[in-house]
Each structure stands twice: as C-alpha cells, then as structure tokens.
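Enquirer: Copied straight from TrEMBL:
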TOPO_DOM  1-22  topological domain 'Mitochondrial matrix'
TRANSMEM  18-39  transmembrane segment
TOPO_DOM  42-377  topological domain 'Mitochondrial intermembrane'
MOD_RES   335  pyruvic acid (Ser)
ACT_SITE  335  active site, schiff-base intermediate with substrate
C-alpha cells in the first residue's frame with residue numbers, strides 16, 4: 001500500500017515537473033507577448049494617422065500571432081456547433097445568437113428556431129424564394145451578403161485587401177497554370193508579367209473585389225456571373241481571423257489563410273472566385289466539388305497547395321458550368337469571398353468600401369460596356 005502511494009506521488013511529481021510547469025510557463029510568456037503586441041499597436045494608433053504603414057504588423061508580430069492554434073480552435077468550434085441541441089434549448093440559444101448578430105429570421109426559409117438541431121444548421125439556413133432577386137441586367141452581381149472590404153483594378157500584380165494594405169496576386173492565386181499536366185512557371189517572372197499572363201484578351205484589365213461575411217450574414221455564396229469552372233487550387237494555409245480590423249493590420253492576410261481558388265472562363269476571359277477560410281470557420285463546402293476537404297490537420301495536408309484539374313479530358317469532364325445567381329457553396333460561420341476577373345477597361349464598380357451588400361445586387365455601373373452587353377443578351 002505504501003509502495004503504491006509512493007509510486008503515485010512520484011508519477012504526480014513527474015507530471016507536474018515535465019508537463020504542468022512548462023505548460024504554465026509557455027502560457028504565461030505567450031500571454032505577455034500578446035499583451036505587448038496589443039500595447040504596441042495601441043501606441044501606434046495614437047501616434048500615427050489612419051492608413052499609415054506604421055500600423056501594419058511587422059513580420060515578427062505576424063509570426064507570433066500565427067503561433068496561436070487557430071486550426072485546432074476552429075476544429076473544436078466546428079465540433080461544438082454541430083452538437084445536437086435539445087429542443088428546449090434551441091429557441092433561447094439560437095435566439096440569443098440571432099439577436100447578437102442581427103440575423104433576419106423573416107428572410108429564412110424556415111423561421112422556426114425549434115427546427116434547427118444545432119448551431120451549424122442555423123448558420124447554413126436557406127432563404128425564402130425571392131428575398132434575394134438577381135439583377136438580370138447586370139453581368140456581375142454580388143456573390144453573397146456581406147460588407148465590401150475593397151475593390152478596384154489590379155495594379156502591377158498587387159491588390160488592396162483594405163485601403164492602404166496590399167497583397168500579391170501571384171501569392172494569392174499561386175502559379176498561373178490551370179491546365180492538366182506539369183507546372184511550368186517562367187523563371188524571374190515579375191508581378192506585372194504574372195498579371196498580364198492571366199489575360200485572355202490583352203486589351204482588357206484585371207479587377208478584384210473582396211466581400212466579408214459577418215457571423216450574422218447569410219452564409220451561402222452564389223455564382224456572380226455566367227461562367228465555367230475548370231480548375232481548383234486548395235491552399236490548406238492558416239485560419240487567421242478575417243475581421244476588417246485584422247485585415248487592416250496583417251498585410252497579405254488572404255494569402256496566408258486557407259482558401260479554395262476556383263478558376264475558369266466567362267465571356268470576357270479569365271475569372272476566379274475564392275472562398276477564404278478564417279478562425280472558427282469549421283469548413284468551406286462547395287456543392288459541386290465534393291472532393292474538397294478543408295480545416296484538416298497539417299499532417300493530412302502537408303503540401304502548400306493541392307490542384308484539381310476539372311476541364312475536359314479524353315474520357316470525362318468535371319467542369320462546373322454556373323449561371324449567375326446559382327448557389328455555389330457555403331461557409332460555417334462568416335468569412336470572405338475574393339473575386340478576380342478580366343473585364344473591359346471601362347468596367348466601373350457600383351459599390352463603396354464598407355457598404356453592406358446583398359447577394360444578387362449589381363456590382364458595376366450602368367455605363368460600362370459589360371453592362372451594355374448584358375442588357376443586349
């Protein structure tokens with residue numbers, strides 16, 4: 001009996017020495033580091049004007065921020081939101097969520113909270129027919145509900161994620177090779193050369209648009225144009241928050257995060273649509289691409305990216321033809337959609353940074369040739 005007690009005491013002592021104490025020390029210094037970053041950022045905001053380069057996170061700050069186990073946290077959150085809720089708990093819990101994030105239950109196809117068995121099911125709620133009319137005269141419509149973070153022309157291979165903070169087109173999309181076969185990337189290619197290599201019509205320009213979906217928004221995303229998808233590139237990446245405040249702080253945020261880049265053609269040439277993952281986004285689901293698996297462990301997906309050629313082959317074709325307004329996929333919780341597309345030089349957006357938009361509304365002005373062609377059809 002005494003020997004057993006001594007053994008248990010020694011085992012407990014070793015556990016405290018080799019597990020508990022190191023864990024406490026790591027947590028302590030980790031907390032001190034995060035507090036230092038927060039204080040440093042607070043001082044920057046008080047001493048520098050808005051959009052100042054000094055407000056952008058330094059490399060060491062981003063590295064420290066990425067140490068936080070966001071992927072494990074997001075998987076845990078995904079598990080939690082899929083837990084079955086007893087009927088008596090659904091109305092108070094889901095009602096609290098709806099009130100907190102201003103969810104409009106009158107638009108939901110099923111407005112009875114008792115019919116949603118878990119929080120994830122409520123996230124993915126469908127809308128009533130007709131509450132999101134698709135603008136028939138516009139060639140490019142909003143793919144989702146959300147807030148416009150930024151938009152504009154791609155300049156020298158760079159795009160703005162928010163005003164004053166840019167990221168690389170090449171880093172976001174990866175090698176510009178969308179066909180079946182070995183990758184061929186020209187050595188020493190500049191950002192501008194990369195941008196030009198995407199254009200089907202050299203008289204066109206590339207444009208981009210970033211839309212942030214908040215937790216209370218409608219979580220499905222739809223096709224913004226008539227187009228055909230023939231390639232998908234999945235970057236496992238990180239799962240950092242894509243909240244606008246983080247987007248202002250971390251340059252290249254969307255290039256760091258997990259994302260599924262869908263590439264294809266529309267009537268003006270190159271078109272891509274990319275759902276970007278984020279903290280607590282349990283998964284990105286694309287209905288026509290059941291092979292896509294997101295928010296996996298690093299051991300399951302160790303490579304920087306994974307390509308899937310979906311174009312026609314000798315025996316089959318996995319191309320995805322999509323019509324404007326057709327449902328494409330869904331997020332669990334909120335995240336971001338990034339559109340990058342080729343259009344005539346006179347293409348002009350009809351939106352403003354920070355504007356709340358709804359799926360199906362037009363993204364460009366009446367005067368552009370894109371609009372005139374859409375009206376003609």
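Glycine is no exception: its Cβ is also placed from the backbone N, Cα and C atoms.
How about a rundown of where these features are and what they're close to?
Expert: Along the topological domain 'Mitochondrial matrix' (1-22), the predicted structure has mean pLDDT 48.
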Enquirer: Taking 10 A as the limit, how many CB atoms besides its own sit near the CB of residue 335 (pyruvic acid (Ser))?
Expert: 30
